[in-house]
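One structure below.
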Amino acid sequence: HENTGLQSWIPPEDQNYGATAAHVRQGPHVSVSRNSPAKRDFLIVGVLCYANLINFMDWFIVPGILLDIQKYFKLSDGATGLLQTVFILCYMLAAPFFGYLGDRYNRKVILGAGIVFWSGVTLGTSFITESYYWIFFLSRGLVGIGTASYSTVAPTIIADRFDEGKRTTMLSAFYICIPVGSGLGYVLASGMARVTGDWHWAFRITPCMGGLALVLLILVVPHRIQRRTELHRALSISGTIRVAAEKPGVQRTARTTWCQDVISLGKNWSFVWSSLGLTAMAFVTGALGLWVPMFLYRAQVVLGLVPPCLQKSCNLSNSLIFGGITIGTGILGVIAGAEAARRLRRINNNADPLICATSMFVSSLCLYIALMVAQTNILLTFIFIAFGELFLSVNWAVVTDILLYVVTPRRQSTAIALQILVSHLLGDAGSPYLIGTVSNAIQAKNDSTFKWSFWSLQYSFIICVFVGVFGGGFFLLTSFYIEEDRKEAEQ
């Protein structure tokens with residue numbers, strides 16, 4: 001179990017939210033140990049960001065060389081699509097388990113074990129022969145389990161090293177690695193396959209990068225990382241710090257069962273509504289990630305810009321452009337969201353959920369416009385898809401920051417794990433399949449033409465617009481409870 005200690009500083013934002021009320025028994029004076037995060041804290045975030053980059057590169061290696069893998073193992077389209085489903089299912093089902101461990105045991109050990117595990121499995125994947133396709137499926141599920149150990153624990157370490165203002169910035173850097181790592185996964189996989197002539201080499205680079213991440217983790221991240229629940233709250237009085245004693249009769253390090261943690265989180269309405277908002281985000285991003293290149297291709301065929309692809313290998317320019325859009329808008333969106341949250345919190349305590357709600361509404365509007373103009377102007381379609389992705393990316397770091405201050409720190413890993421489970425189970429695990437199924441149903445009732453092939457996908461994409469609007473509504477509901485839940489978590 002990670003050790004306890006005293007915290008000699010308090011974020012100024014806590015005073016705005018009433019986190020440290022006057023009804024505490026004043027303790028002895030303690031000098032301020034630090035007015036700003038130490039250099040080591042920034043190094044820790046750097047190491048965690050680097051590992052997160054590798055994490056998402058591993059996610060998207062398979063999509064980057066999907067055609068080669070399909071041909072090598074002689075897989076049908078259905079079996080090929082199952083590869084990502086296996087990965088996501090194992091990832092989301094393993095997340096609650098690692099959340100439980102992360103709240104109770106040494107987090108550095110969990111992170112290190114996860115990196116070793118998923119890097120080892122990825123390396124082993126590169127030696128699978130064509131007669132053992134089932135092992136390839138198994139390996140993707142095991143990689144999902146390994147990455148779950150990292151995604152549930154790493155953000156809580158950042159939360160414990162920084163106060164609110166800096167925490168949002170650091171989380172932004174952490175979550176920028178999602179779009180950047182995703183894009184680099186495509187680039188790495190296709191590049192290695194093209195240079196070596198063998199797709200197996202795509203799985204031999206990230207394990208080496210994972211080895212470096214493990215070394216940096218051992219050298220930079222401390223073995224014992226103090227949790228905020230294990231620290232006394234502090235009050236700033238006339239330039240000095242007074243330690244706030246705990247309420248009599250409250251056991252600070254009392255253990256709770258996993259079921260008790262889940263029940264408590266279920267009563268935390270800020271957590272519930274923001275998790276549903278994140279689920280709507282995941283639904284939309286999952287559908288966009290798979291179907292937008294196909295949608296753009298069908299639109300270009302209808303407009304006569306490109307000829308129909310009747311060969312096994314088609315032009316992948318739309319995928320490359322969309323990958324570049326994902327990286328660029330991801331970086332800009334996360335930075336913009338963090339900066340907007342930092343500035344607006346000063347004037348509105350409910351700024352975070354309101355930012356998320358607004359961005360979801362605007363993103364849905366941009367996506368709807370992109371769908372409507374696709375049959376007349378492909379350039380405007382690209383532009384509005386880029387804006388839609390930009391406003392979706394605004395929420396990544398802000399949503400996690402909401403969780404980290406409305407949930408008491410001793411339950412944060414469990415909360416992140418449950419959020420991962422719900423958002424993937426109801427979000428991107430099923431949205432690509434749902435969009436494709438609806439499109440197939442529309443095509444089955446109409447003529448088999450290129451126009452109906454385009455229209456069917458266009459109409460099915462309208463589902464994402466409605467889901468995005470619902471997501472904005474969920475974040476609006478979060479704003480009604482967030483201040484009260486924050487105060488309760490900080491007490």
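From the backbone N, Cα and C atoms, a Cβ is placed for every residue, glycine too.
TrEMBL does not curate its annotations; it predicts them automatically.
Confidence over the domain 'Major facilitator superfamily (MFS) profile' (44-486), given as mean pLDDT on the 0 to 100 scale, stands at 80. Sequence annotations record features per position, and here TrEMBL assigns domain 'Major facilitator superfamily (MFS) profile' to 44-486.
Sequence annotations record features per position, and here TrEMBL assigns transmembrane segment to 42-62 (among others). When Cβ-Cβ distances below 8 Å are used as the criterion, the transmembrane segment (42-62) is approached by residues 69, 83-84, 87, 111, 115, 118-119, 122, 140, 143, 147, 150-151, 154, 157-158, 161, 170, 173-174, 176-178, 180-186, 188-189, 202-203, 206, 209-210, 212-213, 216-217, 220-222 of the same chain, each at least six residues removed from its ends.
According to TrEMBL, the transmembrane segment annotation covers 82-102 (among others).
Annotation source TrEMBL lists transmembrane segment at 109-128 (among others).
Under the heading transmembrane segment, TrEMBL lists 134-158 (among others).
Among the features that TrEMBL reports, transmembrane segment is placed at 170-189 (among others).
Positions annotated as transmembrane segment by TrEMBL: 201-221 (among others). The list of residues near the transmembrane segment (201-221) in space but at least 6 beyond its ends in sequence, with Cβ under 8 angstroms from a Cβ of it, reads 40, 43-44, 46-48, 50-51, 54, 57-58, 61, 64-65, 108, 111-112, 115-116, 118-120, 122-123, 125-126, 157, 188-190, 192-193, 195.
According to TrEMBL, the transmembrane segment annotation covers 271-296 (among others).
Under the heading transmembrane segment, TrEMBL lists 316-341 (among others). Below 8 angstroms of C-beta separation, residues 168-169, 171-172, 175-176, 178-180, 182-183, 186-187, 289, 292-293, 296-297, 300, 351-352, 355, 359, 382, 385-387, 389-398, 401 of the same chain, each at least six residues beyond the ends of the transmembrane segment (316-341), sit close to that stretch.
Residues annotated as transmembrane segment in TrEMBL: 353-373 (among others).
As annotated by TrEMBL, transmembrane segment applies to 379-404 (among others).
Under 8 Å from some Cβ of the transmembrane segment (416-435) lie the Cβ atoms of residues 81, 84-85, 88-89, 91-93, 95-100, 102, 148, 151-152, 155-156, 262, 265, 271, 275-276, 278-287, 289-291, 400, 403, 457, 460-461, 463-464, 467, all in the same chain and six or more residues away from its ends. According to TrEMBL, the feature transmembrane segment maps to 416-435 (among others).
For 455-482 (among others), the entry in TrEMBL reads transmembrane segment.
Most Cβ pairs under 8 Å to the transmembrane segment (271-296), among the stretches 134-158, 170-189, 455-482, belong to 455-482. Same-chain residues lying 6+ beyond the ends of the transmembrane segment (134-158) with a Cβ under 8 Å from its Cβ atoms: 44-45, 48, 51-52, 55, 58-59, 62, 69, 73, 82-84, 86-92, 94-95, 97-99, 102, 107, 110-111, 113-115, 117-119, 121-122, 124-125, 128, 167, 170-171, 174, 221, 225, 400, 404, 409, 412-413, 416-417, 420. Listed by sequence, the residues of this chain that lie at least six past the ends of the transmembrane segment (379-404) yet keep a Cβ under 8 A from its Cβ atoms are 155-156, 159, 164, 167-168, 171-172, 174-175, 178-179, 270-271, 274-275, 277-278, 281, 284-285, 288, 292, 296, 299, 321-322, 325-326, 328-330, 332-334, 336-338, 340-341, 352-353, 355-356, 359-360, 362-364, 366-367, 369-370, 373, 412, 415-416, 419, 478, 482.
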